[in-house]
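J.: Below you'll find the structure I mean.
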Amino acid sequence: MGSAAEPIELTISELAYGGDGVSRHEGQVIFVPFTALREKVRVVVTEVHKTYSRARLVEVLEPSADRVVPPCSLFTQCGGCATQHLAYPAEVRAKVAQIESALKRIGKLEKPVLRPALTGPDYAYRNRITVHNRDGRIGFLGADGRTLVDVARCLLAADDVNQKLAVLRERPRPRPHYSIRADEVRGEAFYQSNRPLAKLLQQQVVAAVPEGIESILEGYAGTGFFSKPLTERGIRVVGVESSAAAVPVFQREAPKAELLEGRFEDR
Ligand SMILES: C[S@@+](CC[C@H](N)C(=O)[O-])C[C@H]1O[C@@H](n2cnc3c(N)ncnc32)[C@H](O)[C@@H]1O
């Protein structure tokens, strides 16, 4: 590989978990943020590690048809988003490919069977965000993982979450981080963060349970997100959940389900 400052030309062969483009060059794997599948790009290598390198995109020589104009002016500075330069269907395809590869590589499944991905709005869907506060400036950490990027409105956040962000920005309190949550997200328990897709996911899981099933053991049951609608189908559900924050919410949200508190592996 040339010296660190010398530009090289690469073709992106896959998108890694997290969104970076991946290219193989002279036996080395190179990650290049903000690139798309099969694009030809000119890059400068910025980090060389034992098993991989990282590079900065200098120029897109042959753009992919998947490339779109990123809607947020902070894209590439802000660390919150990695794939705004991709059309939503391309982003979904990349994520499906990553799941399939993980099932093969880690799950050791030869031919994993995946249902078609559920899709929803590509912006304004998140029911919670975590922002940082540096001397009254509120925003996300930058793509470098250190700098604070001032964010007045996040395109991923649902409107009600952005309204709460605006209120916080007017009167920040002296805390280093804030978790800004929609009203339905309470306490420290886990909630699905994509509001419209969560509903679709719930419907799909409940519909996938065949007629005639009388009881279900649900590991990692959280706040009863799946247990509740399953009990409403008349199924006996026993949830297992280890988080002290989730347990009371589960009991309130899914009162017809039974709950075993503790680790699923210990049952
Ligand atoms: C990703 S959340 C999913 C929760 C719920 N199924 C949902 O979709 O909203 C995973 C849940 O598993 C719980 N959990 C993590 N490790 C666990 C373990 N070893 N045994 C039981 N629950 C666990 C977490 O507290 C969390 O509530």
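We count from 1, first residue shown onward.
Using the three backbone atoms N, Cα and C, a Cβ is placed for every residue, glycine included.
Where the annotation comes from TrEMBL, it is an automatic prediction and has not been curated.
On a predicted model such as this, the values are computed, not experimentally measured, just so you know.
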J.: So TrEMBL lists Gln192, Tyr220 for S-adenosyl-L-methionine; which of Glu170, Glu232, Glu241 goes with them?
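T.: Within the candidate list, TrEMBL flags Glu241.
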J.: Max Cα distance spanning Gln192, Tyr220, Glu241 (S-adenosyl-L-methionine binders), Å?
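T.: Site span for S-adenosyl-L-methionine, by Cα atoms: 15 Å.
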J.: What is the total of other Cβ atoms whose distance to the Cβ of Glu241 (S-adenosyl-L-methionine binding site) is within 10 Å?
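T.: Result for Glu241 (S-adenosyl-L-methionine binding site): 27 other Cβ atoms within 10 Å.
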J.: On the three-state reduction of DSSP, what should I expect for Tyr220 (S-adenosyl-L-methionine binding site)?
T.: coil
J.: Using Cβ atoms only, which residues of the same chain lie under 8 Å from Tyr220 (S-adenosyl-L-methionine binding site) while being at least 6 residues apart in sequence?
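T.: Spatial neighbours, sequence-distant, of Tyr220 (S-adenosyl-L-methionine binding site): Val240, Glu241, Phe264.
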J.: Cβ distance under 8 Å to Gln192 (S-adenosyl-L-methionine binding site), same chain, sequence separation 6 or more: which residues?
T.: Ala198, Leu201, Phe225
J.: May I have the DSSP-based helix, strand and coil counts for the residues of the domain 'TRAM' (1-59)?
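T.: In the domain 'TRAM' (1-59), the DSSP-based counts are 0 helix, 33 strand, 26 coil.
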